[in-house]
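First the structure, in the form of structure tokens, and then the observations on it.
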Amino acid sequence: MNSTLFIIGVIGNIISVLVFISPSPTFWRIVRSRSTEDFEAAPYVLTLLNTLLWLYYGLTKPDGLLIATVNGFGAVMETIYLVLFLVYAADKGKRVKTAKLVAVLDIGFFGVVFAATTFAIGGLDIKIMVIGLICACLSVFMYGSPLAAVRRVITSRSVEYMPFFLSFFLFLNGGVWATYAILDKDVFLGVPNGTGCFLGAIQLVIYAVYMNSRVASHSHGSDEAASLLSSEASKHGQHDASTRV
């Protein structure tokens, strides 16, 4: 591995770590309230599956150490999140649903992929291709999932439900790993991360377009509040004057 590729991979690791730890405030809230409230476990179940598959890909591919290390960290973090989710589930039904998702996807699906590629596929190149293709498909799906928030932003003309830093780090993460993939000539890593960079850029553009709408809305609300306060103050002033008379 040349030095440029290694440096870009390290930068990608750092950014990915920031993405993986970004849900920590949510889970700190869950621990403090001792309830998962209305939070859903599905995104964390899918992210754990994604990190497990990329970890396997990194361990299988020669010179895939940097891919393996960051996804190993991600798998540990997502496992912690899901354990906390199971412990503090708001009700038994949510706990059972989460456990089923983990069993089917993170254990069942990953187990099938691992067994099939280990025992049914002999050549290393074919094994890397199959694992990479599965990883790429799942990553494209995951990168596209935040676009659901874009529709809400356009409809409400407010960026309240599309956090800027999440979109920014996803864009940055996709861009860095896409660059790494180009230098490493890894199409399976490049396609999903290039897609992620593009979709992240769309989210940032949408944020820039509707950011002022939120400010304008808040300013309008503040003007109304100021007008109301002024009116109330005027009424109180009249009342005080009549009392003094």
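Each residue, glycine too, has its Cβ placed from N, Cα and C.
As given in TrEMBL:
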- 6-29: transmembrane segment (TRANSMEM)
- 41-59: transmembrane segment (TRANSMEM)
- 65-89: transmembrane segment (TRANSMEM)
- 101-122: transmembrane segment (TRANSMEM)
- 128-149: transmembrane segment (TRANSMEM)
- 161-183: transmembrane segment (TRANSMEM)
- 189-210: transmembrane segment (TRANSMEM)
(message) Checking distant contacts: for the transmembrane segment (6-29), what same-chain residues at least six beyond its ends satisfy Cβ-Cβ under 8 A?
(response) 39, 44, 66-67, 69-70, 73-74, 77-78, 80-81, 84-85, 165-166, 169-170, 172-173, 176-177, 179-180, 183
(message) Let me spell it out: take the transmembrane segment (189-210), skip the flanking residues so only those 6+ beyond its ends count, and list any with a Cβ under 8 Å from a Cβ in it.
(response) 67, 132, 135-136, 139-140, 143-144, 146-147, 149-150, 153-154, 157-159, 162, 164, 167-168, 170-175, 177-178, 180-182
(message) So, taking each listed stretch (41-59, 65-89, 161-183) in turn and counting its Cβ pairs to the transmembrane segment (101-122) that are under 8 angstroms, which one gives the highest count?
(response) 41-59
(request) Using a Cβ cut-off of under 8 Å, list the residues of the same chain at least 6 residues beyond the transmembrane segment (161-183) that approach it. (result) 2, 4-5, 8-9, 11-12, 15-16, 18-19, 22, 66, 143, 146, 149-150, 152-153, 189-190, 193-201, 203-204, 206-207
(request) Could you tell me what the rest of the chain brings near the transmembrane segment (41-59), counting residues at least six beyond its ends with Cβ under 8 Å? (result) 23, 65-69, 71-72, 74-75, 78-79, 81-82, 85, 94, 97-98, 101-102, 105-106, 109-110, 113-114, 128, 131-132, 134-135, 138-139, 142, 145, 188
